[in-house]
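Quick one: the structure is below, and I'll ask about it shortly.
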Amino acid sequence: MASSILRSKIIQKPYQLFHYYFLSEKAPGSTVSDLNFDTNIQTSLRKLKHHHWTVGEIFHYGFLVSILFFVFVVFPASFFIKLPIILAFATCFLIPLTSQFFLPALPVFTWLALYFTCAKIPQEWKPAITVKVLPAMETILYGDNLSNVLATITTGVLDILAWLPYGIIHFSFPFVLAAIIFLFGPPTALRSFGFAFGYMNLLGVLIQMAFPAAPPWYKNLHGLEPANYSMHGSPGGLGRIDKLLGVDMYTTGFSNSSIIFGAFPSLHSGCCIMEVLFLCWLFPRFKFVWVTYASWLWWSTMYLTHHYFVDLIGGAMLSLTVFEFTKYKYLPKNKEGLFCRWSYTEIEKIDIQEIDPLSYNYIPINSNDNESRLYTRVYQESQVSPPSRAETPEAFEMSNFSRSRQSSKTQVPLSNLTNNDQVPGINEEDEEEEGDEISSSTPSVFEDEPQGSTYAASSATSVDDLDSKRN
């Protein structure tokens with residue numbers, strides 16, 4: 001029965017299409033894009049036993065486990081209900097097949113657990129709610145309450161336009177983007193997305209707990225009178241959507257929200273900006289489309305009176321900070337010309353030393369700029385204590401193309417320097433002495449470039465000498 005189902009056209013046709021467009025991109029012998037289908041828990045236990053923990057890993061898992069322990073203690077559910085849930089998640093973390101997805105999503109699970117526990121935290125543990133700070137900052141920074149300005153004129157068409165990004169796309173698009181990153185991004189990119197998305201929301205909830213602030217709808221309903229935790233929330237402009245559709249989609253949910261006074265920072269803005277940053281990283285050609293989506297959601301949050309503009313800026317800054325940390329710490333490079341995850345034969349990450357202008361290993365972007373190239377060589381020579389001159393390898397960039405669209409890989413030289421194009425200031429006698437050391441043949445692109453290699457140049461060489469030689 002099972003074999004007949006697998007052989008049916010309903011299963012075979014999608015598999016053939018998936019194999020044609022995705023699996024056919026995989027290079028023979030490459031395993032970097034493979035998934036782990038092992039279900040033996042002993043495999044994970046052996047890895048855990050021999051794993052050497054770094055300081056970052058200890059802080060990462062210690063921080064998340066401490067929050068989960070707080071949730072376990074505070075959440076008012078029976079121990080016999082919480083224990084099976086913990087055991088189920090522990091099993092998913094130990095099975096290799098599921099742990100490759102559940103473990104990177106641990107920040108997301110921690111954020112969700114803390115969010116739904118906020119309403120159960122005793123009120124005496126919570127700080128006072130601020131009502132005047134956000135509208136005052138809005139007026140000081142931007143001259144007016146932008147949320148009230150945008151919500152002055154309301155129509156059914158504008159309500160629908162604001163409802164789509166705020167009430168529909170916001171809750172569904174993270175799952176769509178995760179699938180897109182898994183298919184079209186490099187291997188391990190989905191782990192980075194789970195880390196960044198989870199930590200951004202987790203830190204945002206912690207800030208909302210430490211700094212509870214009333215949203216614009218509170219000022220419209222209660223003015224600037226003091227707020228307390230016994231008050232119910234409001235759907236704001238989304239209440240008009242419930243009346244328009246005749247369905248209670250948001251009124252009850254927002255009235256009994258876990259965090260009613262969580263205006264700052266806006267996690268709607270934070271999630272949106274995080275999604276836009278990953279989309280710009282994955283598909284940079286469509287930046288205008290992604291930025292348009294972010295502007296659309298920003299407008300909807302203020303039109304529906306759920307956030308001030310300063311809340312949106314706070315969420316965006318939080319998202320940008322977490323993304324930049326993830327980008328330079330965990331996120332692999334997205335190579336142009338590669339179609340999907342199965343097109344990759346190796347995983348490369350950003351080397352901060354190569355993009356830092358003050359670093360010894362800095363590589364100028366414009367290799368044809370003689371002045372910047374000369375300055376880099378002189379600066380590097382001044383940092384090297386040994387008097388011997390290092391070999392001058394040419395820099396290469398590997399440009400990988402998908403096998404089904406182009407069968408071979410091309411090598412693109414980044415430097416046009418040859419033995420006949422020497423830097424002024426090097427004597428011919430020095431060249432003859434170094435003839436035995438410097439090879440005229442091009443180094444192999446499969447060999448690692450020596451980290452200590454620099455361009456040899458005289459310390460007396462300057463930009464003026466370069467200009468005089470040209471004349």
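Just so you know, the numbers here start at 1 and follow the chain as drawn.
In case you wondered, yes, glycine gets a Cβ from its N, Cα and C as well.
The model shown is predicted, which means the values in this text are computed figures rather than measured ones.
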Using the topological domain names from Swiss-Prot, determine whether P127 and S258 lie on a common side of the membrane.
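Going by what Swiss-Prot records, S258 is on the same face of the membrane as P127.
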Considering the residues N256, N370, which is the one that Swiss-Prot annotates as N-linked glycosylation site?
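Cross-referencing N256, N370 with Swiss-Prot, N-linked glycosylation site lands on N256.
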Swiss-Prot tags one of N228, N400 as N-linked glycosylation site; which one?
N228
Quick check on the record annotations: which of N145, N416 is tagged N-linked glycosylation site by Swiss-Prot?
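So the answer, going by Swiss-Prot, is N145.
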Please work out which recorded stretch in 55-75, 169-189, 192-212, 259-279, 305-325 has the most C-beta pairs separated by under 8 angstroms from the transmembrane segment (101-121)?
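Answer is 192-212, with the largest number of Cβ pairs below 8 Å.
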By the DSSP assignment reduced to helix, strand and coil, which category contains N145 (N-linked glycosylation site)?
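It is coil.
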Count up the helix, strand and coil residues in the topological domain 'Cytoplasmic' (1-54) according to DSSP, in that order.
30 helix, 0 strand, 24 coil
Using a cut-off of under 8 Å between C-beta atoms, tell me which stretch among 55-75, 78-98, 169-189, 192-212 contacts the transmembrane segment (282-302) the most.
169-189
At a 10 Å cut-off from the C-beta of N145 (N-linked glycosylation site), count the other C-beta atoms across all protein chains.
18
Give the nonlocal contacts of the transmembrane segment (259-279) in its own chain as ranges (CB under 8 Å, at least six residues past its ends).
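Beyond its ends, the transmembrane segment (259-279) has Cβ neighbours at 115, 118-119, 129, 134, 165-166, 170, 173-174, 177, 181, 193, 196-197, 200-201, 204-205, 207-209, 211-216, 218, 227, 229, 231-233, 286, 290-291, 293-294, 297-298, 301, 306-308, 310-320, 322-323.
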Would you count the other CB atoms within 10 A of the CB of N256 (N-linked glycosylation site), including those on all shown protein chains?
11
Can you tell me how the residues of the topological domain 'Lumenal' (213-258) break down into helix, strand and coil by DSSP?
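Output for the topological domain 'Lumenal' (213-258) reads 20 helix, 1 strand, 25 coil.
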